[in-house]
């Protein structure tokens, strides 16, 4: 059995730990922080807002928030991080000062009206480009009044931005979404003293009566990153894998459950349950069958590109529907998946809200074809999840990715661990 501690700290928790520390008034410690480009953007913005950040150990920081957030004399650069832009928008909406949030070309083309509308419901003064659809965003911090909001989309980023504004508003606010999204924000903030209640899917958020409690938080491994190696095991004959110290929040393991429904042998072993469930995941290769994914999309939206690779190895036609939000990620991920598969000669079809893929029962035929002619270069579209998903396919096919370096956005150790998996699995270790 291959045993991997993937050393890929959870991206969602790393962002939130930094941003939430700014609502405390005492130093906070974040251990095992994800040193990916996205999370480092959140850390740099915290510094630009006046926080003191000290490196106290490998991948560990002490963050001392300022008494009041500083109005920066420059644009707050989120680079490629949608989480940074959306959560900081909620935080800064009630802070004194003028704040401008911008990013790279990819981020500035992603939809931002989805957070501007709920923040404006509080009375927030926030503007975006092209009639509030896109960044850069300009925020003039101002007093907020409580509101009730029903979101048309299930998005943890939208929900988190709303909560951060609600904590600074006057009165009790409520938030409802049409499908459960990741709940790390609620869990973390409640543990730090925020009054957030969930009744039948409706969140009630009361304003903070005092600053959040200081914390010392160690971040577990990211299940979204771990999933790439669960996928590696699922498509590699005779392989068995143990993934250690993985965050097992129920809103984060839907992709593992989908892979399990496809036939992979997957078991969880919970090792601790303090703030969040953390444990190990056991995976064993087994023949895969086709799957239809149409529900709980918000809980596996990031893993759908990787699941598309599993679908290629499955018997039958697999389908993804109700996933239109894939078109609004770092790339149009529906188009990215389908165009790469079609370039490889794989039968697939693109829909407005998803795609279908006809699985190959015998991948060796495709491998033989590419032994006779050079396969097309896989296009990452500079999207880390597209690049890593198709990199897993190199376990079975002699492919090259045009820009695997973009994996550093969320998973700096990816290339090293993939090479390690190849070495151990093909050596029968």
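Backbone N, Cα and C define each Cβ position, glycine as well.
Annotation source Swiss-Prot lists 3-phosphoshikimate binding site at 11, 12, 16, 155, 157, 302, 329, citing sequence analysis. Every protein chain considered, the tally of other Cβ atoms within 10 Å of the Cβ of residue 12 (3-phosphoshikimate binding site) stands at 26.
Taken from Swiss-Prot, the feature phosphoenolpyruvate binding site covers 11, 82, 110, 157, 333, 385. Counting every protein chain shown, the number of other Cβ atoms lying within 10 Å of the Cβ of residue 333 (phosphoenolpyruvate binding site) is 25.
Residues within less than 8 Å, Cβ to Cβ, of residue 302 (3-phosphoshikimate binding site) and separated from it by at least 6 positions along the same chain comprise 224, 385. Feature annotation from Swiss-Prot assigns active site, proton acceptor to 302; the stated evidence is sequence analysis.
Comparing residue 12 (3-phosphoshikimate binding site) with residue 110 (phosphoenolpyruvate binding site), their Cα atoms are 18 Å apart once rounded. Binding residues for 3-phosphoshikimate (11, 12, 16, 155, 157, 302, 329) extend across at most 19 Å, taking the greatest CA-CA distance. There are 18 other Cβ atoms within 10 Å of the Cβ belonging to residue 110 (phosphoenolpyruvate binding site). In the three-state DSSP scheme, residue 329 (3-phosphoshikimate binding site) falls into the coil class. In three-state terms derived from DSSP, residue 11 (3-phosphoshikimate binding site) belongs to a helical segment. Of 82, 110, 333, all annotated as binding-site residues, the residue with the shortest Cα distance to residue 155 (3-phosphoshikimate binding site) is 82.
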